[in-house]
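Asks: Once you've had a glance at the structure underneath, I'll fire off some questions.
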Amino acid sequence: MDKHNSSELLNSDFSLSKNASSDSLDSDSKSSSLNSKHGQDSSHVLGDIQLLDGEKVMGVARDVTYLCPYSGPSRGVLKVTNYQLHFRPTEATSLQTTLSVPLGVVSRIEKVGGASSKGENSYGIEVFCKDMRNLRFAHKQENHSRRGIFEKLQQLAFPLSHRLPLFAFSYSESFPEDGWHVYEPITELRRMGVNNDMWRITRINDKYEICDSYPSVWAVPAAANDDLLRSVAAFRSRGRIPVLAWIHPSSQATITRCSQPLVGVSGKRSREDERYIQLIMDANAQAHKLFIMDARPSANAIANKAKGGGYESEDAYQNAELVFLDIHNIHVMRESLRKLKELCFPQIDQTRWFSGIEASCWLKHIKCILAGAVRIVDKVENHKTSVLVHCSDGWDRTAQLTALAMLMLDPYYRTLRGFEVLIEKEWLSFGHKFQLRIGHGDERHSDADRSPVFVQWVDCVWQLQQQFPTAFEFTERLLITIVDHLYSCRFGTFLFNTERERVKEEVKSKTVSLWSYINSRQDLYLNPLYWGPSSFGATTPPSPYSRPQIVLVPVASLRIIKLWKALYCRWNPTMRQQDPIFQRTRELVALRAQLEAAAAAAAGEHAARHHRLALTPPRVASPHHV
C-alpha cells in the first residue's frame, strides 16, 4: 500500500467533494486523515478511494448513476467498505458529486423500482440517512445488477443486525493523546471541591449493582450512609437516585439529578427518600428550600403514576417546591425532526419556509429546553438554592437540562477540553442510551426508542454560541464534528447505552476515542473571538487579554432562537455559506496568537529595559567651582 504524506493527500481527487452532494464529514471528519499530520501514518489510498486504518473495500458496483437532487444524474462507480459508501463519477467534469458517507449514518436502505420498471433511472437503491439527507442510485435493469451491492450495504450498514462488529472495533489510528483519559470522574469531582464537609465520593456502585445505568463513582451527601443509598435506589425508577452533578464554588448550591419516584396511583411514600432529599437540601447552608425541576409536562407526569411512576408530593417533601418544565418526550421530538427534514431536503419551498419551521415545532422545543435550563441557573446563581432535576428515567431530558445549566454556570465547560468532559460526564457516564436513540448498526429504523435528544442539546449549545460569541473556546465546527461522529461508528465514544456496557465490551482498550482525534487537531475548532482562559493551560501561557467569565443567561425566546442552517440545511447549495469561514477562522486564530506573542515580547522588552534602568546608579554631578 502506498503511503502518502499530508500534502499529497490534500491534493488527491478524493478531497474534492465540496458541493451539495458532498460528504457530511467533508468540512471536517472526512478530511481527518487528509489534513492531519497523523493521517500519513494510518490512512492509505486504494485506487480512487481514501481508506482509514482497518478499512477494506467489500463491494463494487460499476456503471451506477447517482441522482443528485441539485446537480442532476452522474454516472460512476459505487464502492462499499466496512466503513463508508463511496461514489466517484467517471467524468472529470462531475467530480463535485463525489460522495463519501460513513455507513453509520445510514438509517435504512430500500430498493426502488423492479425489473419491469419503465423510464430512465427508475431502477435502483435509495439510502435514507440520519443526517437529514437521502441518496438515490440508479442501476441497469439487466441481471439483477443492484442485488450484490444492496446485500452488501444491508450487511455493512447494520452490522449488529447481522452479527458483525461495528467499524470502531477495526479502526486503530493512533494519536499523540489518548482521549480516553480526558475525563476522570475523581479528578472532575475534586475540581468542584468534593470531598468536603457536605459531600463525599462513593464507589458503592463499583460493580453497577445498585444502578446498572449509572457510573461507578458518585458524589452523595456526606451524611447519607450506604444503607440509605440502597433504600433510596429502591424507590427511584431504574435505581437512579439523586446524585451530585455540579456544586457552586462559593454558595455551595448544587444541581443534582435522578429519575422519577415510584409513587404510583396509590401515592406511595418513602421515608428514606424524603430524608435523603432533606440531606441534599441541608448540604446548602445558604438556603432552606429545594427546587425540584421536573422536565415533563404536568399531564405526562400524572399519567406516569398509572405506570408506577409519578412525581414528588410537596406535602411529603417539606420545603421542596415542584416545577414542571413542559418539555415533551422522545416521540414528540422524533416527529418534530422528521417534519424539519421534509422541509430542508431535498428542495426548499420558499413560499412555506417560515410556516414549515413553525409547523415542525423544532424551535419551540429548543426554546423550552433553553428556558428550563435558565430557570435552573436562576435558582442556583441568583437565589443560591439547590435544584434537583429529573424527567421519567433521568437519561434524556434530565441530561439536556443539567448539561446545559452547567455550561451556562461554569466557564470551564465552555473550553474545548471542558466541553468534552461535560459530554463524558452528563451524557455518557450517566447513561444516555446512545445505542437505542441513534440505532448504531441496527436496521430497525422505525424503533420507537430512536430520538434526536443529544442532537437537540447540541443545537441548544449552538444557540448559546450565537448569543455569546466570545464565551466559547470552540466554534460550531466542533459541534458539527461531534454530531457527524455521533453517527459514524468510527470512534468508540458514543457506542452502547451505559458505562457498564462499555466496560464489559472493553471499549477503551479496543476502540479509539473521538477526543483523541479532536485534540490532535484542536486548531481547527478554536474560536478567535474567545476571551477566556484556554483549556490547554498546561502548555499554553494564559493570555493577558482574557476577560472574566460570566454566567450565561440566554434569551429563550422565539424572537432570538434561529434554525441551525449549517447543520440541517448543509446539503442544499442555495443554503450554504459562500464564504469559506472555517479557513478564515483558522487564519484569525493564528493571527491572534502571533499578535499576542508580539505583545508579550514587547512587554518583556519593556520590563527588561525598566529593570536595567533601575539597576544603573544615578549620575552624580561634579562640583561646580567658581
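Just so it is clear, glycine is given a Cβ too, placed from its N, Cα and C backbone atoms.
Values in this document were obtained by computation on a predicted structure and should not be read as measured data.
Features from TrEMBL:
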- C391: active site, phosphocysteine intermediate (ACT_SITE)
- N304, K305, A306, K307, N329, I330, C391, S392, D393, G394, W395, D396, R397: substrate binding site (BINDING)
- 11-37: compositional bias 'Low complexity' (COMPBIAS)
- 179-568: domain 'Myotubularin phosphatase' (DOMAIN)
- 1-42: region 'Disordered' (REGION)
Asks: Counting across all protein chains shown, how many other Cβ atoms sit within 10 Å of the Cβ of W395 (substrate binding site)?
Replies: 25
Asks: Could you check the recorded positions A306, C391 and say which one's CB has the most other CB atoms within 10 Å?
Replies: C391
Asks: Count the other Cβ atoms sitting within 10 Å of the Cβ of N329 (substrate binding site), across every protein chain shown.
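Replies: Cβ-Cβ neighbours of N329 (substrate binding site) within 10 Å number 17.
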Asks: With every protein chain in view, how many other Cβ atoms are within 10 Å of the Cβ of D393 (substrate binding site)?
Replies: 19
Asks: Nearest of the binding-site residues to C391 (active site, phosphocysteine intermediate) by CA-CA distance, picking from N304, A306, N329, R397?
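Replies: So, spelling it out, the nearest of the binding-site residues is R397.
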Asks: Restricting to the chain of N304 (substrate binding site) and a gap of 6 or more, list residues whose Cβ falls under 8 Å of its Cβ, or answer none.
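Replies: Sequence-distant Cβ neighbours: Q260, R296, G310, Y311, S392.
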Asks: Just checking a number: largest C-alpha distance across N304, K305, A306, K307, N329, I330, C391, S392, D393, G394, W395, D396, R397 for the substrate site, rounded to a whole Å.
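Replies: Answer in Å: the longest Cα-Cα distance is 21.
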